[in-house]
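Peer 1: This is the feature table in TrEMBL:
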type	residues	note
BINDING	A:Cys349, A:Cys410, A:Cys413	[4Fe-4S] cluster binding site
Amino acid sequence: MAPQTLYEKLWSSHVVHQEADGTALIYIDRHLVHEVTSPQAFEGLKLAGRKPWRISSIVATADHNTPTDHWDEGITDPVSRQQVETLDANIREVGSLAYFPFKNERQGIIHVIGPENGTTLPGMTVVCGDSHTSTHGAFACLAHGIGTSEVEHVLATQCLLQKKSKTMLVKVEGQLGRGVTAKDVVLAVIGRIGTAGGTGYAIEFGGSAIRSLSMEGRMTVCNMAIEAGARAGLVAVDETTIAYLRDKPFAPKGELWDKAAAYWRTLKSDEGAQFDKIVEIDAATIAPQVTWGTSPEMVTTVDGRVPDPAQFADPVKREGAERALKYMGLAPNTAITEIAVDQVFIGSCTNSRIEDLREAAAVAKGRRKAASVKRVLVVPGSGLVKHQAEAEGLDKVFLEAGFEWREPGCSMCLAMNADRLEPGERCASTSNRNFEGRQGAGGRTHLVSPAMAAAAAVTGHFADVRELA
Amino acid sequence: MKPFQTFDGLVAPIDRANVDTDAIIPKQFLKSIKRSGFGPNLFDEWRYLDVGQPGQDCTNRPKNPDFVLNQPRYQGAQILLARDNFGCGSSREHAPWALEDYGFRVIIAPSFADIFFNNSFKNGLLPIKLDAAELDVLFAQCEATEGYRLKVDLAAQTITRPDGKAIPFDVDPFRKECLLNGWDDIGLTLRHDDEIRAFEAKRRTEHPYYFA
């Protein structure tokens, strides 16, 4: 048989039926559900008199609307509360493999709890009504975000209508410099290929720099594949993957584990497999990244400057940059390190796992939040992450630095709960989108790694974490 | 879903790239548990000068006079001209719901984000990819001509300009059939329920660890 890419292996092992034009029915192994994109799907199912196809494929949690403080008061916003209660009621009626409701000790961001509970396993197809489902591709899953109509389709049929993607290999070879993290890698990739560079592709991330990343780091990279336009990101299975999953609550045990692990080890692109596109990046050239605009591709290095739109040859890009700088309140050629921040957000499905918190804490330790910074929010990705961080004393490091230590949830990544920016406020954020209004109407977001966010928190402006030793 | 029929519609331009779904429908409106009623909040942060809240009556909110859809000449627009990577970002289907609820039936752009593209078809909203050069002409004509209209014929796969020029476009045959007939995807898929069951049984045997 011809050598296959990892994507082709995953695709071909899930095709149930194929139409003449290539549209295929793909079987879905895992269906992750949260409160925002599911109510209309459950309602549609009920109105049509249909039942869910396979209840044991469903893993659900409430994350987008949930508050990150004063849990004793419950969800005070009545509209948010109704959405969360609707999820409670739907899951109660329909059933699930696992449900982690608001305040449950395992509740958290859906893309954090799936892997940490072992409900995301290599070789699966994983879907969720959430674009950051690409995160799970770090486990060599074919994982992507879907719309609510598709959520209903998967509930009803256990399948998704899909066309095969093209394949792209992003190969990052070499060793990452000190202070350079998975977040910097993926921002650099997006800076290189653009936010539409991956449209129509499934991106496999490979090369020695990717293989050297922990599972947390790989999840950060795959999480932002969607920010490069790719619905799915992928990393091949290796011993790091296997070691992470061993003993996770929902991972197979005993003989079943051995059988599974043997199969999982085949989940990599074959030698000589052909990709439609290959992008190569030298890891040593990647510096800590900071976005300056309102699209993740508007990114530069911490030692760089805000670009001058006049230098853009393409008129659409030039106008985009002009509009972005106006929105961001930035002048061309400003040094990135001269940009002061009002708030700092450490969290989100991109960067709220234990390793992220350790990186931020390493910078915060023994330092204090700059007086000019109004607030630094640290929001762990899940109850388990929170528990682990507290066991390691990270919460104390943050609190001593004047940061706030919150309950888990999506929080200020998209500001559906009370955590948000005020108009004109500038934020160093470890999240994934710097779109206009994303963290609150009129808010200005700069995307950075957890270490860089902590560096901004303690200095009051963007600072090169490599110089903060 | 209503069948998509040939129509002649007023055109409005959004002349910027990377219009994301957060801009199309901001997060606070995603708290709704309904599929309808998002039209008044389409492009909320660009369209109004205040910050909108879910459930609010938008009739008397202060409108941004500079925003293109607030201009009198574009009232009643059904066709949106856009630039590269339209609909990027969040997978929220509230974006096509809002566009459809506002009255749009066709979006024409050089490229779309995958999830948005897919979501549109599920809601009777036709996204058409056109060459950037071809689109430049449409933008220019639209700008120059008040009341600029285009005729969209999905069956023939053509967009016809007022000057009579017919521009062909591509669409997946399967999606075209579904849209033309207003078919429900789930109903179509369930015609293959035996195949799904057989696939599932085989997978359960070969990979039992996925069926814990």
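Backbone N, Cα and C define each Cβ position, glycine as well.
TrEMBL entries are annotated by machine, without manual review.
The structure displayed is predicted, hence computed values, not measured ones.
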Peer 1: For A:Cys410 ([4Fe-4S] cluster binding site), which residues of its chain lie six or more apart in sequence with Cβ-Cβ distance below 8 Å?
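Peer 2: Once residues fewer than 6 apart are set aside, A:Cys410 ([4Fe-4S] cluster binding site) is near A:Asp63, A:His64, A:Thr66, A:Ile109, A:Gly347, A:Ser348, A:Cys349, A:Met416, A:Asn417.
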Peer 1: For A:Cys413 ([4Fe-4S] cluster binding site), write down the residues of its own chain that are at least 6 apart in sequence and whose Cβ falls under 8 Å from its Cβ; none is a fine answer.
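Peer 2: Residues satisfying the criterion: A:Phe345, A:Gly347, A:Ser348, A:Cys349, A:Thr350, A:Ser429, A:Ser431, A:Asn432, A:Arg433, A:Arg438, A:Gln439.
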Peer 1: I want the residues beyond A:Cys349, A:Cys410, A:Cys413 whose C-beta is within 8 angstroms of the mean position of the [4Fe-4S] cluster site's C-beta atoms, in chain order.
Peer 2: A:Asp63, A:His64, A:Ile109, A:His111, A:His132, A:Gly347, A:Ser348, A:Thr350, A:Ser352, A:Gly409, A:Ser411, A:Leu414, A:Ser431, A:Asn432
Peer 1: State the three-class DSSP label for A:Cys349 ([4Fe-4S] cluster binding site), counting H, G and I as helix, E and B as strand, and everything else as coil.
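Peer 2: For A:Cys349 ([4Fe-4S] cluster binding site) - judged by DSSP and reduced to three states - the answer is coil.
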